[in-house]
Amino acid sequence: MTNSASTVQSMPGSSGYLDLYPERKMSFFENPYILGLAAVAGIGGLLFGYDTGVISGALLYIKDDFKEVRESNILQETIVSMAIAGAIVGAATGGWINDTYGRKKATLIADVIFIIGAIAMAVAPDPYILIIGRLLVGLGVGIASVTAPVYIAEASPSEIRGSLVSTNTLMITAGQFLSYIVNLAFTRVPGTWRWMLGVSAVPALVQFILMLFLPESPRWLFIKNRKHEAVRVISNIYDLARLQDELDFLSAETEVERQKNNKNVKIGDVFKSKEIRLAFMVGAGLMLFQQFVGINTVMYYSPTIVQMAGFQSNELALQISLFVAAMNAAGSVIGIYLIDYSGRKKLALCSLGGVFASLLLLSISFSNSNSNSYSWVAVLGLILYIAFFSPGMGPVPWTMNSEIYPEEYRGICGGMSATVCWVSNLIVSQTFLSIAEALGTGTTFLILAGMTVIAFIFVVVYVPETKGLTFNEVELIWKERAWGTTHIKNNSDSDSINLLRSNNDQS
C-alpha cells in the first residue's frame, strides 16, 4: 500500500506532484484561455441567475396586467415555479445529453431552447402562454445547470478547479444582480414585464455564438477516442513542463475507463455501486439543502418579502432587492477565493452557521411586523442571509458535484443531483407564499432555520474535503469509505491502483 499511496501523490495535479514541482502550479489569473472557457460556459449560470431574479420584479407588473394572476396566489406561484419544473426535466435529461453529444453541444441546445422561451414570454397574450414560455426557459436553464460546472471542471487544473467552477456561481449571482438592474430600468417603460423577461434572450444568443468557437471538454474527447482534438485543447491549458505528464495520465485514465465497459451507464447503475451511492448521497444532499435553507425563497420573492415587511412601493422594493442581489454577487467573489483556500467543507459550515442566525433574525422581525422599526430589521436579515449564503452554500454544492464522481458517472450523477436541486427548488418556491399565509412569515423562516441545523449536521457527518485533490484521489475517498482501507490494500490490483501505477511507470 505504501507504493500505491506514493503513486497517488505523484499524479499530475496532486498535492504531492505540485510540492515536487511547485513551479508548475497554476494560479487563477495565469492562463487567459482557461478563464475564457470558464467565462463563456458561465453565461449558462448568468441565464440561471437572471431567470431567478427577474421574475421577482416582473411578477409585480404581471399582476397589474392580468387580473386572474393578481387574485390567485396559486397562479403567481405557478408562473414563478413553472421555470423550475422545466429545469427539472432539463437537468434530468442534461446528463444524458452531456454524455452522448458532449458538453459543447449540450450548451448550444440549451441556448436555443432558452431563446425560444424568452421570446414566448415577451409576446405572451395571456398568463398561460407566459407559463409555457417559463417552462421552455426552465428547460434550457436545467440543461445548462448540469453542463457548465462539468465543462469548466474538466478543463481546469486541480489546484484551481474550485475557483474556476465557482465562477459559474458568480455568474449566477451576477445574473440575479443584472435582473434587478433591468427590472429598475424598465419600471417606467410601456410593456414593463415583457421587456424584463424578453431581454434574457440576448445573453443566450451571445453564448451560442461564442460557444461555436470554443472546444469540447478534453476529458470527454479522450473518452470518445478523439485524442488529437483533446491534445490541442490541453496544450492551451498547461505549459510544456506539465503538458506531457497530464497527457500521459489522461491516456492511462481513459484506458481504464474503457476497460470498465461503462460507456452506457444507466441510472440504476448508480445505486449498484456502494462508493457511487455514497458520492451521490453527498452530491444530492448538498443540492437539496442548498434549496431547503431558503435561498430561492429569498431570490424569487425578495421584493414581495420587502413589501410584507412594510415597504409598499414597487420601486422601493426593487431598489432594496437590487442591494440584496449586489451582496449576493459580492459574496460569490469572496467564495471564489475561499473555496480553494479554506476548503469546501469548512466554507459550507461557516456559511450555514451565518444563514441560521440570519433566518432567526428574519423570523423575529416578521413575528413583530406591527412595529415599523422591525421592517428595517427584516431588510437587515435579508442582507445578512445573502452575505453568509453566497460565499459558501452558493458555490460549494455545484463545485463538489462537478468533482466527486468518476468520469463515467459524471454526466448522469451530475444530472441527477441537479434534478434534486430543481425539485427541491420547486417545492420551496411553490409553497412559500401559501405556507407564509397559513402559518405566518415568521414561522416560515423559523422552519427554514430548522432545516439549516439539519444541513449543518449533514455536512459535518458526510461531506469530505476535496480541496486540491485530483479526480482519482476523490474516487479513492469513496472507495475507502465504502470498503475500508483494508479492502483497498487487499485489492491493490484494482482499477484505480493499476491506473496510478501505470502512470508512475510512464513517468
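Positions of Cβ are set from backbone N, Cα and C atoms, glycine also.
Automatic prediction, not curation, is the source of TrEMBL annotations.
Record features, source TrEMBL:
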TRANSMEM  33-62  transmembrane segment
DOMAIN    37-467  domain 'Major facilitator superfamily (MFS) profile'
TRANSMEM  74-96  transmembrane segment
TRANSMEM  108-125  transmembrane segment
TRANSMEM  131-152  transmembrane segment
TRANSMEM  164-186  transmembrane segment
TRANSMEM  192-214  transmembrane segment
TRANSMEM  278-301  transmembrane segment
TRANSMEM  316-339  transmembrane segment
TRANSMEM  346-367  transmembrane segment
TRANSMEM  373-390  transmembrane segment
TRANSMEM  411-433  transmembrane segment
TRANSMEM  445-463  transmembrane segment
Listed stretch, out of 33-62, 164-186, 278-301, 316-339, 373-390, that has the most CB pairs under 8 angstroms to the transmembrane segment (131-152): 33-62
Among 164-186, 192-214, 373-390, 445-463, stretch most in contact with the transmembrane segment (278-301) (C-beta, under 8 angstroms): 445-463
Stretch contact, the transmembrane segment (108-125) with the transmembrane segment (445-463), Cβ-Cβ under 8 Å, 3+ pairs: no
Stretch in 33-62, 74-96, 316-339 most in contact with the transmembrane segment (192-214), if contact is a CB pair under 8 A: 33-62
Distant-in-sequence neighbours of the transmembrane segment (373-390), which means Cβ under 8 A and at least six residues beyond its ends: 173, 293-295, 298, 302, 305-306, 308-311, 320, 323-325, 327-332, 334-335, 350-351, 353-355, 357-359, 361-362, 364-366
